[in-house]
Each structure stands twice: as C-alpha cells, then as structure tokens.
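Taking it in order: structure first as structure tokens, then the write-up.
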C-alpha cells in the first residue's frame, strides 16, 4: 500500500510539472516574424520550447530568478532579449553563449550581485547592454566588456550599492553613443577609468555628491560631446581651475537634470563654462536654486562671459526663496554672447529692461508657460531691448490684449517669428500694429472667434488652429503656410485670398466636401491636411477623391483620416473604400430610364387593355363598387316595373312591336322598362341601368348575336350579374331570340355562359303555331 501511494505521488508531481511547463509555453505570444511577447505574465522561469525562429524575446516584468545554460541555447537567431524587472540573481556562465546574433540585451532591475565577463564573451555583435538597478558593488574582477567591441549603448550601476569604478572596468570599449552610469553613492573613482573610451557621444551621470565630479570630468572632457548630470546636490561643488586648465576639451553640451544649486555653487559652475571652452549649450531641467540670486562673487572673479555658451535652456526651475530673489544685475554682463534662451514653466513674470538690453546677441527667446502680462512685457521689451531678436515665444502666459501686445513689440525691429498661442485674447480688433518684418505668427488656442485686418500683411506662416473660427476671408498675399485645424470652418478658404499658399492644414473642422476645382484654384498648393472632417460622400466627391492618383501626394493624412459621415449606409467607412449604388450616382439617367420604362409599361398596359377589354373591366369594377353600396333589394313599394328588358338596338323591332304588344297590351297588362322609352334624360346611363334593374321585378335578356356585340348590353348583363345572379335568385329571364354558339361568347361573358349552361331559357320559335305557347310561358315567368 505505501508503494502504491508513493507511485501516485510521483505521477502527480510529474503531471503538475508538465502542466506548469505547458502553461508557461502557452503564455508566450509570437508573431510570424519571430517576435515573442511574454512580459508581465508572472513567469518564474524562462519558458521551454524556444526555437531558432525566435528573433525577439520579451520576458520583462516577471518573476524569473535564474537563467540556465540550456534555457536559450536553441535561440541561435535571437537579436533582442529583454529580461528587465525580474528577480534574477543567478546567470550561469554559458547562458548567452549560443546567442551570437544578439544585438540588444536588457538585464536591468534584477538582483544580480556579481557580474561575469564570461556572459558576454560570444556576444560580438551586441550593441545595447543595460545592467542598471542590480545589487553589484563593482563591475567585476576582470574587464567585463573587453569582447564587446561593437557596443554602442551601455547602462551600468545602481542608486545604492554601486560604489566603486576601477581603471579596468571599461577596457575594450573605444566608442559609445550613450553611456549611463548610476552611481549616487560613488565612493571610489580610479583615475583614468573612463579615459580608455576614446569617444563618448552622450554621458549620463547619476551622482549624489560632487566630490568625484571633477575627477571624472578630467578623464572625459577630451572625448565627450554631451554630458548630462542627474540627481546631484551641488551645494558643496567647488571648481578647481588647475584640474582642467591644460586639457583639450570637446564637450559641447551640458545638462543639469534634477540638480540643486546655491548661489555659491552656481558661480563655480559658471567658472567651469569659461574653462571648458567647447560648451555651447547648457540646459537646466527641473533644478532647484537654493539661494537669493546673490552672484556678486562673479564680479570679484572678473568673469565677463558664460564662456562660449550660445544656447541656454531653463525648464521647471524651483526657487524656494522666490520672493527674496535679487534683480540679477550681477549677471547682466555675462549674457552678451548668448543667442538662444529658453526659460519655460519657471514663474517668470518680468525680464528687466537692463537685462534685455544686455542680451545684444539674442536671436531666439522662449518664455513659455510663465506669468508674463502686457504690463511686464512693456518693461521687458523696452527701447533697445533684444536688438537682434528674431523669434519670440510667449506661449501660455497671461496676455489678454492682442492690440496692446503688438504695440509693445514694435521696439523689436528684427522680429520675424512670434508665438503667442494659448493666451486668452478672446477677440481680435479691426486694426493692429506689428513689427515691420513679421513673417510668422502663432495664434493657436487663443479662443478667438474671427479674423480681422489686425493680422499683418507680411505674414508667410499663420497658425490659428484650435480656435472658434467659422470662416476665413482675409487677403494675405504673401502667406505660404496656413494652419487652421480644429475650428468650425464649413468650406476651404477662397484661393483668391491666398495666391501663394503651399501648405494648408485644415483638419478637424466641419467641412462636408471639397472639389477638384477648389484644389486646382490653389495653384501652388503642395501639402493639404484635411482629415477628421464630416465628409458627405456624394458621388462627385468619391469620384474625385478615389480617382485622382496625384491627390495622395498632396493629402498628407490620406487615407487614414478621411471618413464618411453620410449617407448613413456608408457612415464610418473610409472615403477611399466607400461605394455608392448606381441609382445614387446616376440619378438623372436612372430617373430617365425609369420614366421610359413606365411609359413603355403604360403603353403596353394600354394596348393590353384595348386588346383584352381592360377598360371595360375597370368601368364594370367601378359600377360594381357603386352598386355594392346600394341595398341588396329594393322595398316592394319601390318596384315600378314588372320587368326591365335588356336588348340590342338591332333587336328593337322584335321587342317594341312584338314583346310590348304581347305583354303590355295583355289583360291584365305588364309594365315593362325599356331604355329608349323609360330612361331619365340627363342622367348617367349606368345609373339609369342600375336604377331600372333595381326598380324592376324581373330582368328580361333578349339574347342574340347582336346582344353579345352590344356595349350597353354588356353593361346591363354585368349589373344583372352583380344584383341578380350573385344573389342566386330567379329574377333573370333569358330569351334566346336566335341560336348562339356558346364558344362565340367572349370570355368576359363567362357568367352568361354559366347561366346558359345551368338555367332554363325561353327560345323564340320560328314556327308561328308555337309562338302563342312562347308568350304564355313568358307571361308566367314574369308573373312568378
């Protein structure tokens, strides 16, 4: 029994293991190109079953703890491997040995406490390696990257435990496009550790304290293009002139990101600019200045310029003692060579007039997302301020008057490009004054409702997108580019207003359609963006849009942003794919064809009616409907005649001379109704027939060949059908005046043939000796 339990337990474990492997394999999703995605799947190991067809494998953000020698041995064509954000603490020596095609390897944010050069010894073509966020203190006992001669991007270090950089660490690396070192707690930096790298395009350095900053800078200053310093507290930074005074520097750009300064340390940084003479661009991003702007030490140091810095960018500058900040007069003299300044989202409400006047080389000024108003702009753009300024960006400030803003900028004689978007102007005056060289104006998102002659006639580029405009009727003879998206325009602007327009972006309006003629009227138009409108996909519009191959070269957003809004059956379809029916696109032709068909049908119906007596049937139907409305039987007091006689005019002699004599002159006499004698003059014949039949006790039909051919006899017989035969009574008396071939009776007299087959009729005898008996039988039938 214990043996059986043991066997069952073993099989259960094997079954669970198999299911686990199967579940892990199924957790990968791979496309036909060999890209497999397994990130965020709670995997605790690398899935089995990987093949040579896998070229990209993403296993990031899982719970993998170990990478074994055989886990990836089949992935010989793998180029990208992402293992970041796992729990990996062990990587076996030959784990990546078979990945000779690997170009991208991410092992960041795991739990690796030791790094081994054997991992990378066969990765000759590796270009990207990320080892950030692990637990190692150093980069290993031997040179870790000596085999990675093609490496271009390297990220190493962590924010806590990485404390040492040694001279051998980067041996073998000669050129890197990007090197990121996270060493917030760096304690040891061996001189010349980075000097072995002959060229570094971009170095990102995370340092908490600046103690070793100059030592690092000395090693890289001659091989680095772009230095980015992050998360550093420069309160204690002190620049030593002797450190780099004799170095041939190549650094061109310097970025401080999330760095803290004091007044004193800022002075030291400015001194650095003067000695690292290659720096032409400096950026401060999300930095904090713990001071009050007391830079008098710069004057004592006789610092006259910011080195060769021409571009200065400041974003999200935090000044805790903002209301104690001084007037910056001590740095005015340093700004003479600066050509481009960006101060964004830093609560700037004023640029002092003296500072503006000292910015004699300034060509570009961006003061976006600040607190500038017309009152402070008046002081900033004072006389002789920014004499060479060409571009001014005042986006998202507190400007409210377009007219006043234009007047205040008249002092800027060389201004050509003005961005005052995202200010609340609301309206536009009829006239304005602007600098005489204005060519570009950005008024997007300013909530204006209409455009007036306030706009300068010299404009070549105008952006009025994201407003409330419903029309564009301005003449701008030099305008080349118009950006008017996200408004309420219903049609394209008139081309005669914009004779040299080459670019127009008019998407997200309420335009229903445009035509070939409209586009052709813009003779120099090269780019049109008109997607996102509510297009009515008419036949003409679809024919134009789908039939012009050259149109695709003009429409920048074709075909993905062009959708039909109507008709309803094509709503939601792309204009390129919409199809209308023949009747919708050729309405005139279809209507003409239908009319012709109806005419032919009517003509055919008329012919058939004539040949098949259709008109007669319609008349009878109408008479029948009229007769149906009358009472089924007339009251006895309304009976005026003993019999109504239906006969052909050609048989009138027999009726009027023989029948009348034998019936009306008999004693007692019978009263007959004859149409020639008793019909009421002026009354419709059909009404006379109906009334006479209704007021007669019997109806006598004098049947003959003439009767069958008589039109009125047909009417009388039909009405007798409706009133007499349909009621199944004996009010009808048939007299066969002469023999009739039943086959000769027309089809419309079907009831006559039926009656002659089912009812007894009186036949007029040609023998005079039998005629007396005929009259006796007729009188008896009328009297019954």
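We count from 1, first residue shown onward.
Heads up, the Cβ atoms here are built off N, Cα and C, so glycines get one too.
Taken verbatim from Swiss-Prot:
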- 114: N-linked glycosylation site (CARBOHYD)
- 126-150: repeat 'LRR 4' (REPEAT)
- 199: N-linked glycosylation site (CARBOHYD)
- 200-223: repeat 'LRR 7' (REPEAT)
- 248: N-linked glycosylation site (CARBOHYD)
- 251-278: repeat 'LRR 9' (REPEAT)
- 279-308: repeat 'LRR 10' (REPEAT)
- 349: site 'Interaction with bacterial lipopeptide' (SITE)
- 414: N-linked glycosylation site (CARBOHYD)
- 442: N-linked glycosylation site (CARBOHYD)
- 479-500: repeat 'LRR 18' (REPEAT)
- 501-524: repeat 'LRR 19' (REPEAT)
- 525-579: domain 'LRRCT' (DOMAIN)
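Overlay of Swiss-Prot annotations on the structure.
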{"residue": "114", "record": "N-linked glycosylation site", "Cβ contacts under 8 Å, 6 or more apart": "136, 140"}
{"residue": "199", "record": "N-linked glycosylation site", "Cβ contacts under 8 Å, 6 or more apart": "174, 175, 176, 223, 225"}
{"residue": "349", "record": "site 'Interaction with bacterial lipopeptide'", "Cβ contacts under 8 Å, 6 or more apart": "370, 371, 372, 373, 376"}
{"residue": "414", "record": "N-linked glycosylation site", "Cβ contacts under 8 Å, 6 or more apart": "387, 388, 389, 390, 435, 437"}
{"residue": "442", "record": "N-linked glycosylation site", "Cβ contacts under 8 Å, 6 or more apart": "395, 418, 419, 420, 421, 463"}
Non-local residues, at least 6 beyond the ends, that sit with Cβ under 8 Å of the repeat 'LRR 9' (251-278): 217, 220-221, 224-239, 241, 244-245, 284-295, 297-298, 301, 303, 305-309, 334
Where residue 199 (N-linked glycosylation site) sits in the secondary structure, as DSSP reduces it to three classes: strand
Secondary structure at residue 114 (N-linked glycosylation site), reduced by DSSP to three states: coil
Averaged pLDDT score, the domain 'LRRCT' (525-579): 88
The repeat 'LRR 18' (479-500) - residue tally per DSSP class, helix then strand then coil: 3 helix, 3 strand, 16 coil
